[in-house]
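Database features (TrEMBL):
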type	residues	note
ACT_SITE	D49	active site, nucleophile
ACT_SITE	D51	active site, proton donor
BINDING	D49, D51, D246	Mg(2+) binding site
BINDING	K221	substrate binding site
Amino acid sequence: MPQDPEKHPEHEQLPHYDVKELAVLSELSDDHYANRLKRIQNKEGFVCDMDGVIYHGSKLLPGVKEFISFLQRENKKFLFLTNNSAPTPRELSQKLHRLGLDITEDHFYTSAMATASFLKTQKPNGGTAYVIGEPGLTYALYEAGFTMSEVDPDYVVVGEGNSHNFEKITRAVNLVLKGAKLIGTNPDVNGPTEFGIMPATGAFVAAIELATGKKAFYCGKPSSLIMRYAASILGTKKDETCIIGDRMDTDILAGTYAQIDPVLVLSGVTNKHNLFNEAYRPYIVLNGVGELAKTSASASE
């Protein structure tokens, strides 16, 4: 039987199932599974998550290089859509370059960029925001015409980061109580790293919500908002597009909301124990993205 721990930060701990087991996890017959796998491979557009799909922290996941080669070789349209608001597209491009992948900046879109785009529709002439997050978020907001302020801002915006602390959360609570609108870049409460599971934006926003009694508005997955932004960049029709991710509550739900086929990989947060917790289902379940390239290679032989 494959290893299947609750947390699998190291490559050797990643679960690996054969095709028949994956068909069972997808709740499909063997033939139906094979047909769906081929249909995904033949899609024109691919929206792909990053954390838990492409890498864990600074570790590239198995099969990713083959998957990228498949996308480029077959002239697929693809966009890396991440709920991580911390990095800029340039930083993501540079990170993948360090991991051995050459992908240009225009292939990346983050929840920070979606948040900035949304707030710009709310305040076209610019506004003010108190931000708890990293440079990728503040840069996106600056680009949208917003300035940073700790005094009566229009919004409190919370994103990913390693420097969140009690003082910042306390300030955010009091600003929201004074009338600032609470915005979360993404609702993820945790995420995978090479060291294990870490708390994410949703966990910190929850503290502010509980302390203020105010609900946050989220711009990242599974919001239909970020999916519409992604679709406009990708330029493909719904039935020719899929979304690949490791989370049921963001990636798979985002695909369900957007009516594009959601592909679940078991290289991140979701495993066989929590796969069936939700009422919605992925279109198909894979061990990892590399299996799309393997299928392509075997189909062409």
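Just so you know, glycine gets a Cβ as well, placed from its N, Cα and C.
Values in this document were obtained by computation on a predicted structure and should not be read as measured data.
A simple Cβ count within 10 Å picks out one of the active-site residues D49, D51 as the most packed, and that one is D49. When the Cα atoms are compared, D246 (Mg(2+) binding site) and D51 (active site, proton donor) turn out to be 8 Å apart. When the neighbouring Cβ atoms lying within 10 Å are counted for each of the binding-site residues (K221, D246), the highest count belongs to K221.
Rounded to a whole number, the distance between the Cα atoms of K221 (substrate binding site) and D51 (active site, proton donor) is 13 Å. You'll find the Cα of K221 (substrate binding site) roughly 10 Å from the Cα of D49 (active site, nucleophile).
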